[in-house]
Amino acid sequence: MMVIPAISLSTNLTVSTNITASSAPTTLHKHRLHNSTLKSLSKSGKLDEALRLIESSPSKSPATAPDVEACALFLHSCISRKALEHGQRLYLQLLLYRDRCNHNLLNNPTLKGKLITLFSVCGRVDEARRVFEEGGEDVDLPQSVWVAMGIGYSRNGYPKEALLLYYEMVCQFGQLGNFAFSMALKACSDLGDLRTGRAVHAQVLKATEDPDQVVNNALLLLYSEDGCFEEALRVFDGMPHRNVVSWNSLIAGLVKKDGVFEAIEAFRIMQGKGMGFSWVTLTTILPMCARVTALGCGKEIHAVIVKSTAKPDAPVLNSLTDMYAKCGAMDYCRRVFNGMLGKDLTSWNTLITGYAINGQMMEAMESFQEMICSGFSPDGITFIALLSGCSHAGLADDGCRLFEMMKMDYGISPTLEHYACLVDVLGRAGRIKEALEIVKNMPFKPTGSIWGSLLNSCRLHGNVPLAEAVAKRLFELEPNNAGNYVMLSNIYANAGMWESVKVVREFMEKRGMTKEAGCSWLQIKSKIHTFVAGGSNKFRNSVEYKKVWKRLMEAMEEVGYVPDTGVVLHDVSEEMRAMWVCGHSERLATMFALINTASGMPIRITKNLRVCVDCHSWMKTLSKVTGRVIVLRDTNRFHHFKDGVCSCKDYW
């Protein structure tokens, strides 16, 4: 009997089984390690290394593809760093996995939403839309992906497309959520589409889900920006929770309706509730303070900035310097400017403009040279500030030199506004022929502002024939601008041509045109007081007014002041002329300030029209006899009256 050696078949089978069984766990382990490493690199922001890891893996097997969580983390890091190229390369890899091994991660809602967000924050709306449409109608996208696309449109200045997408969502889903509502309301705000915004608001009220903080803030912003303050207030009062954004929207609404003190009070309440503030809060209030010359309120905001532990950014400090400049407080403006560490071109332009409008052209030119030496190149705004300053200071030669410098030294092509400034510079200086040559040869069609500047020059220099020719052009361009007719009427009145004055005024009456009433205002404590020419009878008839007026006029006549009733451009008696001059709004405001503020305090007044010659002389004399500094901002510029002298040197 042959003995057959034992062969351990079971051992062979075991070996074979071990080989087969051990290969799957090894691959799975590598795949997990690959994704774990990818997540770690993405979290730490090492995008180059993470991308190399993705691209080094073969794209022929689903087993080598990164998982959704790893890709999502990578894209999240790309979004926060606006790393467009890294995101595009991941997108390419996902396309390769889809085409080569039928493994489509691009239909995953999380990845789709993040890719759309990345491309939209990087300004690639077309690429975002391509990702959104990936897969066509076969892919059932959740609302979050639609909203990501809508936000992408809004972020890149396509609010109309965002709203169209919202309409599609309404058709697709019926019931929408807060993310969709906030996206649609933002688009309505950007478009100024209040009607659609109200329709979205109605859908918010009908929704099963209560509106969240973001939706309420979006509603508040919509109504505030459209001037519907009552509706904005209702939304604000009905909000269960308010944050800084909510308060900012309320303050913006108050500012829009010229409620500067209400805005300040809202800001105080906001602080009292421990809400804090953002720099947006302050950059909303400061321009309003500048517009109504509310220096006291502006200083209050400045104090808040100084006390803040956070370092103010350049836009806040630029707003602060602008506020001081437009309130005529150039010493404060310069102090804030000097303390700025991160000055930009806007900072320099604000300073130069401030000096120019306040009649300090030497300081404006010095600041211009300082800006150049600091490495900043001027832009068109810089030269508009300098040219307009030269116009009001009578520096015609300097203005012409600056105009040429702008073109030759800095390569800035003059705009229509620059030509308008140059025409004004020459016209005010009496060089009207040169101004006309500029108008004839400039590469733009003359606008109403340019002809209006020429008409004003005719008024200043008594050129009636040219004024009539210029006015004719103006009436063709701006047939409904009452100011042009008033100026021509004044030119006739200055020349004693009362019949022509009558013709112009009768024509205005026939067309229903009325002259804008002179209006002046000033801030005393926490209130703005407004005065209209010929008004405030109760104040003017008060015992206190008459007493102060009598004492002032006696003192002013002693130093040689004589009223110039020639500024009253009506064919009336001398007594009536004197009465009308005394009723000019800037005088009423000045008298009110004299009576209601402490001796020695500066008086700051803003007027909606140009100050008249006699009021200018009156204020110069008043500053001398009272020792008060008077700062008057009219429609053209600032006048600083001190010790009987004005900063404009009687040229304005």
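Cβ coordinates come from backbone N, Cα and C, glycine included.
TrEMBL does not curate its annotations; it predicts them automatically.
The model shown is predicted, which means the values in this text are computed figures rather than measured ones.
TrEMBL annotations:
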type   : residues : note
REPEAT : 243-277  : repeat 'PPR'
REPEAT : 344-378  : repeat 'PPR'
DOMAIN : 560-652  : domain 'DYW'
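Along the repeat 'PPR' (243-277), the predicted structure has mean pLDDT 86. With DSSP classes pooled into helix, strand and coil, the tally for the repeat 'PPR' (243-277) is 26 helix, 0 strand, 9 coil. Remark: secondary structure over the repeat 'PPR' (344-378) totals 26 helix, 0 strand, 9 coil, with classes taken from DSSP. Per-class residue totals from DSSP over the domain 'DYW' (560-652), listed helix then strand then coil: 38 helix, 16 strand, 39 coil.
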